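Annotation source Swiss-Prot lists phosphate binding site at R87, G125, T126, R127, citing sequence analysis.
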Amino acid sequence: MKRPSGRAADQLRSIRITRNYTKHAEGSVLVEFGDTKVICTVSVENGVPRFLKGQGQGWLTAEYGMLPRATGERNQREASRGKQGGRTLEIQRLIGRSLRAALDMSKLGDVTLYVDCDVIQADGGTRTASITGAMVALADALKVIKKRGGLKGGDPLKQMIAAVSVGMYQGEPVLDLDYLEDSAAETDLNVVMTSAGGFIEVQGTAEGAPFQPEELNAMLALAQKGMTELFEMQRAALAD
């Protein structure tokens, strides 16, 4: 089996995490997984949604979108259609669920964190890149809240979160699929994990033939290997 990119089966794409990418947001990152590029920002606003009023905890929510020409052909803006598509809603809910697992909301205070992930170029794995990059932007936003005199109850960051795709490509498990691989893969799996080694989400779909238990185990092992590298990249980015 030869991957279109020439990478080894267990090799991530070239990954870059650029912090403080935009001027105004409390946390901002440009994350690049190969040719997939996503701007991730975290904005801090006082107050929480109505369903959390008086409960003494904060909240985090996420939105996701793609520029019209992030892909090979122009896509109509969802705003011009008047509604978000099902894929967009699914991905932004995944991002929100994943990042909430990083936080102790009771220590966040009366604050809402708005995570925005905007894909400026797509070449596969936009949701996993979004989660991995937004986690770094979230860590930076928490530092800003602390500098402003917040977080009196302690650090709400429990653990780091990252995500990566794995799949069965030409009968073999591979890590971090690009678009060419993703579009031809027999199985596509998105995995979200904590830096402590726990799984937050595993999304898997077979195309054509079902995948077998031993293939699932092989893909998860590959994802865990990739996560080790991603968490190290996040730590290195935050140490700069």
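Note that Cβ sites are derived from N, Cα and C of the backbone, with glycine treated the same way.
Feature map: Swiss-Prot annotations on the structure.
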residue	record	Cβ contacts under 8 Å, 6 or more apart
R87	phosphate binding site	none
G125	phosphate binding site	F33, T36, V164, S165, D176, L177, D178, D182
T126	phosphate binding site	T36, V38, M66, I91, V119
R127	phosphate binding site	Y64, I91, L94, I95, A163, N190
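Taken residue by residue with DSSP, G125 (phosphate binding site) is part of neither helix nor strand, so it is coil. Of all residue pairs in R87, G125, T126, R127, the annotated binders of phosphate, the farthest apart have Cα atoms separated by 13 Å. In sequence order, Y64, I91, V119, A122, G124, T128, A129, S130, N190 are the residues of the same chain, not among R87, G125, T126, R127, whose CB sits within 8 A of the CB centroid for the phosphate site.
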